[in-house]
Amino acid sequence: MTALAAVPDLQDAAGPSTTTVHSPNYSGSPADISSSPTTRAVSRNTARQTASAPPNHAESSPPGNASPTGPPSPSGNNVSPHGRHQGMSKLRACLVIATLSGVSFLNTMGSGILTVSLPTMARDVRLDDSLLLWPASVYSLAAGCTLLVFGAVGHIIGPKRVWITGACLYAAFTLGVGRSATGSQLIAFRSVLGVSIAMCLPTAVSLTTNGFGAGRWRNMAFAFQGMGQPLGYSTGLILGGIFTDTVGWRFGFYISGGINAVLAICALVVLPSPPRHDEGDGEQREVEEEATDATVAAAAVNRSSRSRPLISRLAHDVDWTGTLAISASMGFLSYVFSVVSKDYDRMAAPQNIALLVAAALLLPTFTLWVGRQERLDRPALIPNSLWRKAAFSSTCAAVFFTWAVFNAFQYFSALYFERIEHITALQTSLRFLPMVLVGAATNIVTGYLVETVEVRWLVVVSAIFSLFSPLIMALVRPGWGYWKGAFFAMLLSPLHPDVLFTVSNLIISRVYDGRSQSLAGAVFNAVSQVGNSVGLGLTAVVSSAVARSYHGSGGVGNAMDPPTGRPQHLPSSPTVEATLAGYHAAFWLMFGAAALVTVITFLGLRRGGKVGAVE
């Protein structure tokens, strides 16, 4: 909170500022709102029917979750040069950021508790060994399959409603996890938690961009949300280890659920309501004053769309076919790679092959469908024209590979500490503390630097530093000790992911117009979620294959057996060497992917500009 309160908030001494519309022009030059592909996809057919009609200002009453007394929209004189509403106090702005970042923190805190406590949890709820990893897997699967759905729904009914609903459900079912008496209850509650967090993650982007104008406050809001993830996971690891050995693992979920309930109540009061219907994204009104044909048509589209009943808008203003097609493809991919990460022999199972084929076929189907939607001027989830923008396409590719590497790096590092160095889960969690501290500092510094430093150099330099993390772990030997090897890998690993989190949210949110920010958040989170699953699955296949070939068929087992929370005294030195060889191979694969990210961002962000600067 202290760091947030220190954000400068200078008054605009030069008079009224000119605020332009978010656009895919990343160098910061102004662009008309009609340049947004998402706006164009919805506009022309409806505009033909409504542009000639006189404006009906009676239709501009606030929606259900809008408040006439809420903070003004981020336009013109209502926003300070650093992006904070002049009608919003610093305390309230800090509470908004803390609330949104808090759920991001609790999301990964639960995963950290689960990672350390899973063996004890499985014993207490009598979870079958064949289902041991399902409490973790179903959470990711449920979230990955519904992120885009709730991003689209939040675009229509309002991000604040969807976010608060998700936060309330997350609080309730986190407590449910703590009260689970059977394995089936544990898996079911974790599934609902995945759906609940899918309501919060994409809409948090919309609440951030609509709640803060372009500038330092928006940058810091994204930075603190990024900081919440590593802090939450590491806190979960530490608390999970402590609680499991003392008062019991259930206490960790009770604490998490209680904090979440407080955040949900706080959100009702402090979160900004969406702009009024006739204001669009809050920045459109200034553009409309220019009275160009395009902006008049866009305004007419907005009035016509908002005047229809909610059910009609949900039915016609959401690309349901595209949403379901890409969500199913991501769900199939995530499921198969989740299964394969536990036992790569299951890749040959007929049902997994069928799901992979279905996922592969759905991708070109989705591309053809959204292309058709664009040609017919209908809503398209991710218009194909966006992929022709180097900043957008390279950012999505970087997010995919970065989250694939970072997720796999954390998991394999934990395996290395427990299975090769034979230390406890609590000792393992303490070895991740440098990652947490550096990650927190990186997010705060990035929130300031995105205003003044070219995004290309921020991302590329951080990628080069983080490149050394998997390289060190690919070479490390148990005899090195923690301080000569793994310590430096932990220090460097969060630099690039935490820089990219802030930068990518700023870039992707600029591609979508202000009314579609929930979709922007859904795109980012969906890409990162698939990256998590694919990265862990592929590294698991490589690790297990190398371990088996190293030791023949004589007893290595699966190199991806999950941490048990206890020291793993392996039966023989050859087995340890085989397992270590598998881990090294996985880290080499991560190194290759991280190097690819460096090249992608260097080439793709040449015209990235300063994405955090006030336009």
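Here, residue 1 is simply the first one shown, and the rest follow in order.
Including glycine, each Cβ sits where the backbone N, Cα and C put it.
As the structure is a computational prediction, the values presented were derived from the model and not from experiment.
According to Swiss-Prot:
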type: COMPBIAS; residues: 16-53; note: compositional bias 'Polar residues'
type: CARBOHYD; residues: ASN25; note: N-linked glycosylation site
type: CARBOHYD; residues: ASN302; note: N-linked glycosylation site
type: REGION; residues: 1-85; note: region 'Disordered'
type: TRANSMEM; residues: 94-114; note: transmembrane segment
type: TRANSMEM; residues: 138-158; note: transmembrane segment
type: TRANSMEM; residues: 192-212; note: transmembrane segment
type: TRANSMEM; residues: 222-242; note: transmembrane segment
type: TRANSMEM; residues: 251-271; note: transmembrane segment
type: TRANSMEM; residues: 320-340; note: transmembrane segment
type: TRANSMEM; residues: 351-371; note: transmembrane segment
type: TRANSMEM; residues: 397-417; note: transmembrane segment
type: TRANSMEM; residues: 432-452; note: transmembrane segment
type: TRANSMEM; residues: 455-475; note: transmembrane segment
type: TRANSMEM; residues: 522-542; note: transmembrane segment
type: TRANSMEM; residues: 585-605; note: transmembrane segment
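Counting Cβ pairs closer than 8 Å and at least 6 residues apart in sequence, the transmembrane segment (222-242) and the transmembrane segment (94-114) reach three or more and so form a contact. Across the candidate stretches 94-114, 320-340, 351-371, 455-475, 522-542, the maximum count of CB pairs under 8 A to the transmembrane segment (192-212) is reached by 94-114. Within the same chain, residues 1, 4-5, 88, 121, 135-136, 139, 167, 170, 174, 177, 193, 197, 200-201, 204, 207-208, 211, 220-221, 224-240, 243, 249, 252-253, 256, 259-260, 263, 266-267, 270-272, 429 sit at least 6 positions outside the transmembrane segment (94-114) and bring their C-beta atoms closer than 8 Å to a C-beta of that stretch. Proximity of the transmembrane segment (351-371) to the transmembrane segment (320-340) is established through 3 or more Cβ-Cβ distances under 8 Å for residue pairs spaced 6 or more apart. Only residues 6 or more beyond the boundaries of the transmembrane segment (585-605), in the same chain, are considered here, and those with a CB under 8 A from a CB of the stretch are 390-391, 393-395, 397-398, 401-402, 404-405, 408-409, 412, 455-456, 459-460, 463-464, 466-467, 469-471, 473-474, 496, 535, 538-540, 542-543, 545-546. Count of Cβ pairs under 8 Å against the transmembrane segment (432-452): among 320-340, 397-417, 522-542, the largest is for 397-417. With pairs at least 6 apart in sequence, the transmembrane segment (522-542) and the transmembrane segment (397-417) have 3 or more Cβ pairs within the 8 Å limit; the two touch.
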